[in-house]
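*Asks:* After the structure tokens below, expect a handful of questions from me.
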Amino acid sequence: MLTLSRNSILAIRCARLARRHLSSRASTILSALDILSSKEQPGVYDGEWKGTGEIFESICPTTGEVLARIHSAEPQELHEALDKTREAFISFRTVPAPQRGEILRQIREALAAKVFHLGALVSLEMGKIRTEGVGEVQEFVDICDYAVGLSRMMNGRVVASERPGHSILEVPNPLGVVAVLSAFNFPIAVYGWNLALSLAAGNATLWKPSPSTPLCSIAITKIISRVLERNGIPGAVAGLMTGGKDVGAAVVESQNVDLVSFTGSEAVGRVVGKRVQTRFGKVLLELGGNNASIIMPDADLSLAVPAVFFGAVGTAGQRCTSTRRLYLHRTIAPDFLSRLQKLYASVRAGDPLEDSTLLGPLHTQAAISIYSDAIKHLQDTDAEILIGGKRYDDAPLKNGNFVQPTIAIPKILDPKNQIWSTETFAPILNAAVFDDIDQAIEWNNAVPQGLSSSLWTRDLKNVGKWIGPAGSDAGIVNVNVGTSGAEIGAAFGGNKSTGWGRESGGDAWKQYVRWSACTINFSDKAPLAQGVNFPT
Ligand code: NAD
């Protein structure tokens, strides 16, 4: 029998790839972003494009079509890229912050010029509907605007000294190399939040995106690298390292990396957090969410029902902030559920690139099993499935990873049970009925995660309780606003097993700099603090 070596198999695959024709749906989007889909793509950028390591496929979750094959880095290339990123930092750290802001302004312009094509690429490769894909790229544009301003406002402080003729300054300086490890579900925005702050702060950034969304990262890196080149800045200031778990682990282990900003699951975040802390690096964790909406009897249901619908069904339930738990006050529960079911019944599933589509596919086939297992567990524990619970079996949806958005009423109310306490990254909404707000807040807080939460009420007393010391323990505590769809201005992130990280706005930039307390003596004496006497 003829056996083929790994190289021969690779050669046959390449020949097939060269012959294959992409759908015009895909090729139009890729060519608008200068991605040659007929060839294998280099997936590493450190000033030049390269990659001779493992090959990854980018697969369209809507059709199953292979969009491209991407070469990740060999270990040697990974080390070279890390060295180049360090070198890039050494030269970039002395560029004045407002000049760094000017580069960000140009990146913002370059992204804005391609916002619709990039948004379409997100829909094509990740699977979210177009308006959400474009919105995600808009977030990158917005955070660039924010960081341009920040580049003139990353201020330290002058602190009063107890010693005469002394001044104390708290000084922020560039930190070093920032590695951004990102999840599949926001294949552009999460990098944007990090890159904009990191670049404004004077760091070099190396991006390790999800292995299943490499084309989004390649398209973005191409756009940014052109801006850097035009300004004579080393490309490794915004480098790229596609690859899987092993590449991620090597980046996390590297002493060359000063800050690891990790966005992903709680399970992987736990490993990453420990590894980075073992080597005394800095780590920023943005992990899973398990978010609840609480509907009080005085809520305006004409606002609350569509918000819960978007929160639970938007991005096919694949946002870290997706609404997964719904707590309904007994008096409004039947009305709320019947209105919500009507919206669920009207949902249009289909190609996320079509304007009429509201529900795209799950990102991978593996996610379908996770969805099916969760539904089975609900059924096995006598939950009532109000709507949904199955895959879409008819053409053309059966070619993609489409599942029906689901509302369930679990019999089990114990918030520690896995139905309530784990994040199932799929459009499943579990609902329960409560009698008073304290019970609802207790359920809201009883899960390990603490990302987003939302209360619907017009009563100020409820609002005060919800946002106060005995209120929601999540990082995002909304009132009459759904759990998902945050703006860039406030710091974004979650508490507890969501990792305590904060990114984007607010004070998040302070994590991307190295703080020094500098005491300066401009007197003719050298007194010790606290009046300590040490005669010589
Ligand atoms: P994931 O944890 O599987 O992967 C995230 C990243 O980690 C990927 O780049 C992956 O290649 C890398 N990775 C995997 N194993 C690694 C290892 N041992 N060492 C280093 N890197 C490793 O997550 P996912 O499935 O891509 O994304 C979904 C998850 O991300 C959900 O839990 C979601 O809630 C979470 N998420 C959180 C936020 C937030 O801001 N809190 C935002 C988006 C997504």
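Glycine too: its Cβ is placed from the backbone N, Cα and C atoms.
Bear in mind that the values here come from a model prediction, so they are computed numbers and not experimental data.
Residues or ranges marked as domain 'Aldehyde dehydrogenase' in TrEMBL: 53-515. Annotated active site per TrEMBL: Glu286, in sequence order.
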*Asks:* Reduced to three states, what secondary structure does DSSP give Glu286 (active site)?
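*Replies:* Looking at the DSSP assignment, Glu286 (active site) belongs to a strand.
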*Asks:* Within the domain 'Aldehyde dehydrogenase' (53-515), what mean pLDDT does the predicted structure show?
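*Replies:* Value for the domain 'Aldehyde dehydrogenase' (53-515), mean pLDDT as a whole number: 97.
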*Asks:* Near Glu286 (active site), which residues of its chain come within a Cβ-Cβ distance under 8 Å, counting only those 6 or more away in sequence?
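*Replies:* Listed in sequence order: Val190, Ser261, Phe262, Thr263, Gly264, Cys320, Phe492, Gly493, Gly494, Thr498, Gly499, Gly501, Glu503.
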